[in-house]
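Engineer: Questions regarding the structure given below will be posed in turn.
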Amino acid sequence: MRVTAPRTLLLLLSAALALTETWAGSHSMRYFDTAVSRPGRGEPRFITVGYVDDTQFVRFDSDAASPRMEPRAPWIEQEGPEYWDRETQTSKAQAQTDRENLRIALRYYNQSEAGSHTFQRMFGCDVGPDGRLLRGYSQSAYDGKDYIALNEDLSSWTAADTAAQITQRKWEAAREAEQLRAYLEGTCVEWLRRYLENGRETLQRADTPKTHVTHHPISDHEATLRCWALGFYPAEITLTWQRDGEDQTQDTELVETRPAGDGTFQKWAAVVVPSGEEERYTCHVQHEGLPKPLTLRWEPSSQSTIPIVGIVAGLAVLAVVVIGAVVTAVICRRKSSGGKGGSYSQAASSDSAQGSDVSLTA
């Protein structure tokens, strides 16, 4: 697998763009790579998508009529031809590497070539409000299961099974972690800063959630209170229910944050309560777009209608995202670790944001 120079882009930066401001919160850049074999139907398909925070900004699909890295956000379209040529070549090289990884994995697991198999990788970096590295990561999976991951120290690996231990020993002998760490601490951070600057109006905005509580009778004795948050960005949000001031986490049904289809997100949290005791329950909402946390109660006189159309649209978009980017099977645990971010006066136009100096095969 390649790593430096995913499933998880850098440009010539002028001195005038040196990072001096701070951002409201932490930010991330991730690339998600997926290679899927299809016996009897040609080479494995390879897809890579890049995200800054919750926004997809680039995509490459080897099955396209003319495979190229393509823009998926307005702010990335300003990049010049050299950028797109470089990212396309990096993606094509990674496609070949991951196809080889599929063949290697078949040998490691003693599997037949008759079946379809999947090799995935997610890699990238997080920066804090000051633009400095919080954490770098690189995780691989085979057939939907963890395979090998770079540890938080960016110097060692965790292998999921005996097959992955073969890869671990190979990479340790080649000192691959050192090269990957150089990418994560340098190029990755520099590109992320660049993107945050160019996409400031989109990526660094904070859309306030629209909130309300709905009431759904279950029986004569119980009802469901559902706390809604709609139209917010970024996706990070906290919804909690309390009864007489006591947290009800264990009894709360909480759905995953889902895209609304317009660049914002939706979420709800629900609790089942005894009929007649609704006033004892409060929903608490925390989000970057709120000046202070909100406290909501169900108001019987202002019963809200559930926005079914909006929710269904959100689910439809979510399905497209999941199907179109299978890559999200590899999950990143966000934990902070110290690191230094570089000045982006050093962002070299010859470096790919995805990394291109190292080719890592399992």
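Just so it is clear, glycine is given a Cβ too, placed from its N, Cα and C backbone atoms.
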Engineer: With the disulphide bonds as Swiss-Prot has them, who is the partner of Cys283, out of Cys188, Cys227?
Structural biologist: Cys227
Engineer: Where Swiss-Prot annotates a disulfide for Cys125, which of Cys188, Cys332 is the other cysteine?
Structural biologist: Cys188
Engineer: In sequence order, which same-chain residues at least six apart have a C-beta under 8 angstroms from Cys283 (disulfide bond)?
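Structural biologist: Those within reach of Cys283 (disulfide bond), by Cβ under 8 Å and sequence separation of 6 or more, are Thr211, Val213, Leu225, Cys227, Leu239, Thr240, Trp241, Gln242, Ala269, Thr295, Leu296, Arg297.
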Engineer: Tell me the Cβ neighbour count for Cys227 (disulfide bond), meaning other Cβ atoms within 10 Å of its Cβ, over all protein chains shown.
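Structural biologist: Cys227 (disulfide bond): 27 neighbouring Cβ atoms within 10 Å.
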Engineer: Per 10 Å Cβ neighbour count, which of the recorded positions Asn110, Cys125, Cys188 ranks highest?
Structural biologist: Cys188
Engineer: Averaged over the topological domain 'Extracellular' (25-308), what pLDDT does the predicted model reach?
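Structural biologist: Its mean pLDDT is 94.
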